[in-house]
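Asks: Not my notes, these are from TrEMBL:
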{"type": "DOMAIN", "residues": "5-134", "note": "domain 'Cytidyltransferase-like'"}
{"type": "BINDING", "residues": "Ser9, Lys41, Val76, Lys90", "note": "substrate binding site"}
{"type": "BINDING", "residues": "Ser9, Phe10, His17, Gly91, Leu92, Arg93, Glu101, Tyr125, Ala126, His127, Val128, Ala129, Ser130, Ser131", "note": "ATP binding site"}
{"type": "SITE", "residues": "His17", "note": "site 'Transition state stabilizer'"}
Amino acid sequence: MTIAVCPGSFDPFTLGHLDVVRRARTLFDGVVVGVAKNAGKTGLLTLDERVEIVRAALAADPATADVRAEVVPGLVVDFCREVGATAMVKGLRGGGDLDAELPMALANRHLTGVETVYLPADPAYAHVASSLVKDIARHGGAIEDMVPDGVAAVVRAALAAQQR
């Protein structure tokens with residue numbers, strides 16, 4: 001059985017992320033979404049909130065209902081070993097994503113043998129980034145067409161809590 005991990009900080013989880021998970025599920029026998037902390041980013045949502053919205057989105061989609069989401073407690077490659085994954089799957093929106101991701105993929109393969117599989121973003125979601133979603137929401141814009149059902153309300157609540 002081949003298992004892949006779709007890792008990310010998912011702050012918040014977007015329809016682009018969900019599309020990558022759906023497509024990964026067609027390529028591998030099992031998929032685990034690894035929700036990780038990103039030390040280089042200040043998060044809007046707590047780790048628990050991010051895991052909760054990912055789980056809700058996966059459960060609501062018949063194509064991903066058997067995909068589980070778990071917290072990545074340390075290095076993603078160590079998490080891959082823990083769950084028995086031989087690959088990571090990541091989406092690429094453009095060349096900038098590849099430039100940022102390739103050195104990490106090479107290091108991960110060197111350290112553990114875990115391969116990284118890149119899926120080009122669906123053109124419908126290529127412009128969607130978690131940072132863009134947060135920025136639009138901060139300015140009162142509609143984000144419902146960029147995130148799974150229920151996520152927009154969680155993002156708005158977190159932004160409102162920041163204002164207090």
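Using the three backbone atoms N, Cα and C, a Cβ is placed for every residue, glycine included.
Nobody curates TrEMBL annotations by hand; they come from automatic prediction.
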Asks: Would you mind sorting out which of His17, Glu101, Ala126, Ser130 (the binding-site residues) have a C-alpha within 10 A of the one on Lys90 (substrate binding site)?
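Replies: The binding-site residues close to Lys90 (substrate binding site) (Cα within 10 Å), listed in sequence order, are His17, Glu101.
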Asks: At the Cα level, what's the spacing in Å between Glu101 (ATP binding site) and Val76 (substrate binding site), rounded?
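Replies: Counting only the Cα atoms, the answer is 13 Å.
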Asks: Across all protein chains in the structure, which of the binding-site residues Ser9, Ser130 has the highest Cβ count within 10 Å?
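Replies: Result of the Cβ crowding comparison: Ser130.
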Asks: Report, as a single number, how many Cβ atoms besides its own are within 10 Å of the Cβ of Lys41 (substrate binding site).
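Replies: Neighbour count, Cβ to Cβ under the 10 Å cut-off: 11.
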Asks: Inside 10 Å of the Cβ of His17 (ATP binding site), count up the other Cβ atoms and send me the figure.
Replies: 22
Asks: So how many of the residues in the domain 'Cytidyltransferase-like' (5-134) end up helix, strand or coil by DSSP?
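Replies: The counts are 58 helix, 28 strand, 44 coil.
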Asks: Going by Cα-Cα distance, which of the binding-site residues (Ser9, Lys41, Val76) sits nearest to Ser130 (ATP binding site)?
Replies: Ser9
